[in-house]
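Enquirer: Could you have a look at this structure, given as structure tokens, before my questions?
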């Protein structure tokens with residue numbers, strides 16, 4: 001099962017993420033957990049989140065990039081859900097061997113994230129990749145949609161279809 005942990009503080013403003021979720025939702029065995037919908041008060045049900053993670057083979061962290069990082073509720077989710085003794089540390093093997101895909105949208109163009117005057121995606125992904133590896137997850141190359149503020153609907157739809165194809169390809173390779 002693919003579990004999408006979706007974290008967008010203003011989901012009604014994001015056409016890109018909406019289209020990504022719509023495309024992913026057409027696939028079989030996909031569960032979408034919208035953190036800002038489930039936990040508007042930031043009071044995370046850790047047991048429910050861990051149960052959802054235990055059912056997944058592929059975990060997707062989908063969100064808009066905010067200040068070169070994750071939205072606050074996703075960071076809190078990581079702090080609360082990925083606990084010692086469950087996700088890491090002595091006895092913390094619940095996530096070992098599962099795959100993790102970082103699916104991120106940005107307002108800036110792809111060239112904005114090349115090494116030079118701005119940090120590149122290899123640098124920006126390091127904290128998430130380190131978290132994944134520490135929890136025994138298999139890190140997959142990230143999926144990113146850029147220029148989402150200025151893209152027309154056709155471009156956004158095409159990129160959202162690429163996201164769906166990425167998930168479908170993972171399903172085909174990992175579950176026949």
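Glycine is no exception: its Cβ is also placed from the backbone N, Cα and C atoms.
These figures come from a predicted structure and were not determined experimentally.
So Swiss-Prot lists these for the protein:
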{"type": "BINDING", "residues": "8, 14, 15, 16, 17, 65, 66, 67, 68, 105, 106, 107, 108", "note": "FMN binding site"}
Enquirer: Using DSSP and three states only, what is residue 8 (FMN binding site)?
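Expert: DSSP call for residue 8 (FMN binding site): coil, neither helix nor strand.
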Enquirer: Please report the DSSP secondary structure of residue 15 (FMN binding site), reduced to three states.
Expert: helix
Enquirer: Can you check which residues sit near residue 8 (FMN binding site), meaning Cβ under 8 Å from its Cβ, same chain, 6 or more apart in sequence, and list them in order?
Expert: 14, 17, 34, 36, 63, 64, 71
Enquirer: I want to verify one value. Collapsing DSSP to three states, which class is residue 66 (FMN binding site)?
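Expert: For residue 66 (FMN binding site) - judged by DSSP and reduced to three states - the answer is strand.
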Enquirer: Can you check which residues sit near residue 66 (FMN binding site), meaning Cβ under 8 Å from its Cβ, same chain, 6 or more apart in sequence, and list them in order?
Expert: 9
Enquirer: Report the member of 17, 106 (the binding-site residues) whose C-beta atom has the most other C-beta atoms within 10 angstroms.
Expert: 17
Enquirer: Rank the binding-site residues 15, 68 by the number of other Cβ atoms within 10 Å of each Cβ, and give the residue at the low end.
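Expert: Candidates: the binding-site residues 15, 68. Fewest Cβ atoms within 10 Å: 68.
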